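Listed features, source TrEMBL:
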ACT_SITE  Lys195  active site, schiff-base intermediate with substrate
ACT_SITE  Lys247  active site, schiff-base intermediate with substrate
BINDING   Arg205, Arg216  5-aminolevulinate 1 binding site
BINDING   Glu232  Mg(2+) binding site
BINDING   Ser273, Tyr312  5-aminolevulinate 2 binding site
Amino acid sequence: MSAIRPRRLRETRALRRLTAETVLDAAHLVLPMFVRENAASPVPIASMPGVVQHTLGSLADAVADAAVSGIGGVMLFGVPATRDARGSGAVDPEGILNLATRVAVTAAAGALVVQTDLCLDEFTDHGHCGVLDERGRVDNDATVEVYASMAQAQAQAGSEVLGLSGMMDGQVTAVRAALDGAGHPDVALLAYSAKYASSLYGPFRDAVESTLIGDRRSYQLDPGNRREGLREALLDLAEGADMVMVKPAGWYLDVLANVAAVSDVPVWAYQVSGEYAMVEATAGQGWIDRRRAIVESVRAIHRAGADVVLTYWARELAGWIRTGDIE
Ligand code: PBG
């Protein structure tokens with residue numbers, strides 16, 4: 001009979017609560033939100049049950065509600081009515097994402113952080129995250145120049161954190177310089193440092209009505225590459241990223257743990273649309289307990305080292321955290 005009994009600390013609910021290593025907190029959850037240009041009413045997204053493309057009006061209401069719920073922030077994505085080869089809607093101050101940012105900043109009233117996705121894929125007619133060269137390849141340096149203008153437009157609209165999700169080399173340096181030069185030294189950069197070319201973005205591409213033909217493997221990471229994920233994070237830290245991210249989250253917890261072990265800035269993880277859809281679909285069949293699966297999936301991401309989790313369940317989780325319904 002052993003005197004060493006780890007089970008002692010699991011005996012009662014109060015002991016388990018006292019000794020829990022990973023504590024969920026609404027302040028460290030961020031809700032991604034979609035806003036559709038010219039939408040008359042919110043549009044449901046078939047592959048993401050419970051998530052909608054907002055109108056500017058429904059966005060305002062949802063952001064105000066998110067602020068009351070105690071979550072830490074919202075991350076905005078725009079769905080423009082028209083697209084072109086250079087993604088002009090992204091740099092237009094009247095483009096849907098920049099309009100939405102103004103609406104969200106007003107609705108948030110300082111209670112949560114308003115953030116924006118800084119990438120061209122929603123705005124280009126070919127669906128790539130950058131502009132193309134004459135051979136049809138994504139042109140790194142030309143793209144980074146557009147990102148710099150896009151960053152200025154987003155900062156001007158009031159975004160406080162720019163999510164650099166395009167995976168172009170040197171994008172953090174270029175965007176930082178552009179913001180500093182335009183009088184926005186306080187706008188923070190969240191680098192999607194280790195963003196993998198994942199099947200799990202499928203539902204998101206429905207959500208933004210992506211026109212992409214082909215794939216993003218010439219700029220997003222190969223799912224098998226762990227060391228390269230760490231390299232990308234170290235480069236972004238050296239370029240002055242204020243925060244770094246690993247994406248997707250659940251299938252990349254090893255990369256997340258590696259990045260968390262070396263990062264001297266907050267580490268984020270994005271629980272992406274496919275992660276959401278898999279749980280919703282399975283729970284919809286009655287094959288797993290929906291609430292427990294959601295709580296466990298987000299807790300696991302925090303356990304692996306994420307300080308902040310971007311998740312489509314942020315608002316719902318905040319409610320469960322408040323009522324203590326997270327066991
Ligand atoms: C690119 C971007 C994508 C996602 C977030 N930002 C799509 C992609 O890289 O294809 C995916 C997020 C999700 O799946 O929830 N702007």
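Going from the start of the chain as shown, residues are counted 1 onward.
Backbone N, Cα and C atoms are what each Cβ position is placed from, and that goes for glycine too.
A coil conformation is recorded for Arg216 (5-aminolevulinate 1 binding site) in the three-state DSSP classification, outside any helix or strand. Sequence-distant contacts of Glu232 (Mg(2+) binding site), defined by Cβ-Cβ distance under 8 angstroms and a gap of at least six in the same chain, are Ser193, Ala194, Leu221. Neighbour counts of Cβ atoms within 10 Å were compared across the recorded positions Lys195, Arg205, Arg216, Lys247; the minimum falls on Arg205.
Not one of the recorded positions listed as Lys195, Glu232, Lys247, Tyr312 brings a Cβ under 6 Å of any atom of ligand 1. Proximity to Arg205 (5-aminolevulinate 1 binding site), defined by a C-alpha to C-alpha distance within 10 angstroms, is shown by the following recorded positions from Lys195, Lys247, Ser273, Tyr312: Ser273.
Nearest in space to Lys247 (active site, schiff-base intermediate with substrate), taking C-alpha to C-alpha distance over the recorded positions Lys195, Ser273, Tyr312, is Lys195. Of all the binding-site residues in the list Arg216, Ser273, Tyr312, the shortest Cα-Cα distance to Lys195 (active site, schiff-base intermediate with substrate) is found for Arg216. Taking a C-beta cut-off of under 8 Å and a sequence gap of six or more, Tyr312 (5-aminolevulinate 2 binding site) has these contacts in its own chain: Leu31, Pro32, Met48, Gly50, Val51, Gln271, Ser273, Tyr276.
Under DSSP, Tyr312 (5-aminolevulinate 2 binding site) is assigned to coil, being neither helix nor strand in the three-state scheme. DSSP classifies Ser273 (5-aminolevulinate 2 binding site) as helix under the three-state reduction.
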